[in-house]
Amino acid sequence: MGRSLVFSTNIPLEFSQNPRSFSLLNHSKLCFPQRFIENSRCGFKKTQLLNLKLAGNVCTKAALSEITNERKYPKVGAPSTGPISANHLIQVVETAAKTGAEVVMDAVNKPRNITYKGLTDLVTDTDKMSEAAILEVVKRNFGDHLILGEEGGIIGDTLSDYLWCIDPLDGTTNFAHGYPSFAVSVGVLFRGNPAAAAVVEFVGGPMAWNTRTFTATAGGGAFCNGQTIHASQTDLVEQSLLVTGFGYEHDDPWATNIELFKEFTDVSRGVRRLGAAAVDMCHVALGIAEAYWEYRLKPWDMAAGVLIVEEAGGTVSRMDGGKFCVFDRSVLVSNGVLHAKYPFMRELFLPFTRKDEKEIARASTSTWKEKIAPHHMMDVELLERIAPATEKLKSKGIDFSLWYKPANYRTDL
């Protein structure tokens, strides 16, 4: 199991006296700046770096000493489940999700009645029937809670500390075609933070459908069909299976993610696009994929999945690396090891990678794959590629403010 090379804010940086070196290309005139100011958004302080004078075959990057303390990203889960016990809350959450799943299972092998919310954004009678069944369970148990459903919008008491985020059929297009994956997703926020979650995933295929149920409570761990689950410990992108998603609007974020899709496809074992955000995140929690990211999601897409990932030992942030909340417009979840091995080094290494890319463009494909690529991506993890692309979108004026928060809903955000 590899060690994560990320840092908490109170750990000093150390360089090995005998750095393990490699020669990416012959950068004989490059040197490190004496000081590097880390991104304040990520909570780092100024750090004194070695002043390296590089010449001839001296390596372009000094190796970091191994440090076992991982940098801690802010938790997205609620500090507690509030006045409602965790056992009671998750029991109702799981019952609600399974009740919706029963509606979906009853319809999965039958003809669909499909309508459209957009040019290609589908909705079926099953979406609406599943949500109605879930609402009945919630209202019967917690009549004073606030509810945000994908199909029905906001209902209930906006002064409640609890907000239920319901996706009655995540992956409707897949469902309409009888193609896995799709799921029922139910997440509950306590004062704005995920407190309990359940996702019922449909697996198999036509005439062979089955389900598995993912659950989590804040501080209580993550489970699949009652068994504890953990995110993977894979610490190399080239050994990772990644997942992303694309919205229905072919706008700048969509185009940016197409480029990220291409880039990570070249340096990983593959990037999948399954079409159901809650399922994608559960696969990261289960340890069968290492990371998932997407722009333009809604609270009902993320509320359950992010808690399940975090309780399985994974990490959750925005795609710019900032602290995530369910009302944000982007999400990156990972096994935690890959999130950002060197979160403070991106700007330091950026001149090297830009210069390398020009030379790589002139190199043969075989040279790139055999000699350059392994080292070129060695220290560049998920956020080191995804965050700059997201910052570029923000510089263009793309709106990344909170998507929606119900009026008068009290949060600890």
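Glycine too: its Cβ is placed from the backbone N, Cα and C atoms.
Annotations in TrEMBL come from automatic prediction, not curation.
These features come from TrEMBL:
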BINDING   Glu150, Asp167, Leu169, Asp170, Asp301  Mg(2+) binding site
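In sequence order, Phe182, Ala183, Val184, Ser185, Val199, Ala276, Ala277, Ala278, Val279, Trp300, Asp301 are the residues near Asp170 (Mg(2+) binding site), counting only same-chain partners six or more apart with C-beta under 8 A. Taking the mean position of the Cβ atoms of Glu150, Asp167, Leu169, Asp170, Asp301 as the Mg(2+) site, the remaining same-chain residues with a Cβ inside 8 Å of that point are Ile166, Pro168, Gly171, Thr172, Ala183, Val184, Ser185, Ala276, Ala277, Ala278, Trp300. The highest number of surrounding Cβ atoms within 10 Å, among the binding-site residues Glu150, Asp167, Asp301, is found at Asp167. Listed in sequence order, the residues of the same chain lying 6 or more apart from Leu169 (Mg(2+) binding site) and placing their CB within less than 8 Å of its CB are Gly100, Val104, Thr124, Thr126, Asp127, Ser130, Phe175, Phe182, Ala183, Val184.
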